[in-house]
């Protein structure tokens, strides 16, 4: 019953933004054109006129009210911020379709199609990983970081979470995989969108693939349950901030999430603001995105299999395997992070290719944040006694992110006296 309730919440959560945008698309052809000397006749037409001419601001407003505010309220009511974890895999898909479908979108058709397709592949990989991790349950658990932050902030968590979870980081855990999908469709369908048809289609398709991958990973991790648990980092933050968590979480988890996701999805906006024809750099960007998705998928699958085997060993009372050093994990301590970063930098190449090189800020900040998360994860690994020694040796011989060959660690020989 809990799984069904969380699934319903997850499916209904993005409806306010979707219905508003569909209503805008239905009314945009009635808008007064800039050359018209006649003023808008109603307040409603003023609203649609503003939406028509400000696609980027509209995306941010929809994000603020639908994700920052609504997801925050859902998290308070359920005492669990699982939704943002799931939707991290979906929001980029929504964004790429938003950019591609906005009436003002201008894009090269091939570039747009590739961007959309890649986003879908990325999302599918991440979503599958999420549900696999959660044992195909919706909202089965909250990210460990949220749990720790809730314990830390105590009775203040209700308002702290709005700032630290929704206006910042990871209901948000789930929607990380969804929001880019919404954004890419928003940019592609906006009335002002100008894009090469191929580039737009590719961007939308890639975003969907990315989202599917990430969403699958989320549900797999959560045993196919909706909202089964909260990210472990939020648990730690909750413990750290204690009674102040309710307002801290708004900034660090929810508000910053808007800046973060909108920022790294800016290339989707760029793709649908230029009709420059497809060229070899677009092909390179596509290859980088696909490679990132594939690497992340196999890394997540190998990690999932490792965790599942250890859970079985634990049930049997057998000794646990202390460390995963097979497959991609032989060459990198965090190959899933490497694949994810390769996806975002590949998406940036689309923007750089059409003259928007400044958008490197998005993937750069994302990489810096993930570098910090890497430190937290490794500190957590070293706190577990049964694997501390093995993981310490693993750190000495294995690359952090970029897959590479092992380095030897020869023990110093004792001198004869």
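The first residue you see is number 1, and the count goes up from there.
Glycine too: its Cβ is placed from the backbone N, Cα and C atoms.
Where the annotation comes from TrEMBL, it is an automatic prediction and has not been curated.
The transmembrane segment annotation in TrEMBL falls on one of the ranges 136-156, 157-177, 178-198, namely 157-177.
Counting Cβ pairs under 8 Å to the transmembrane segment (360-377), the stretch among 56-75, 245-271, 283-299 with the most such contacts is 245-271.
Between the transmembrane segment (283-299) and the stretches 56-75, 112-131, 245-271, the greatest number of Cβ pairs separated by less than 8 Å involves 112-131.
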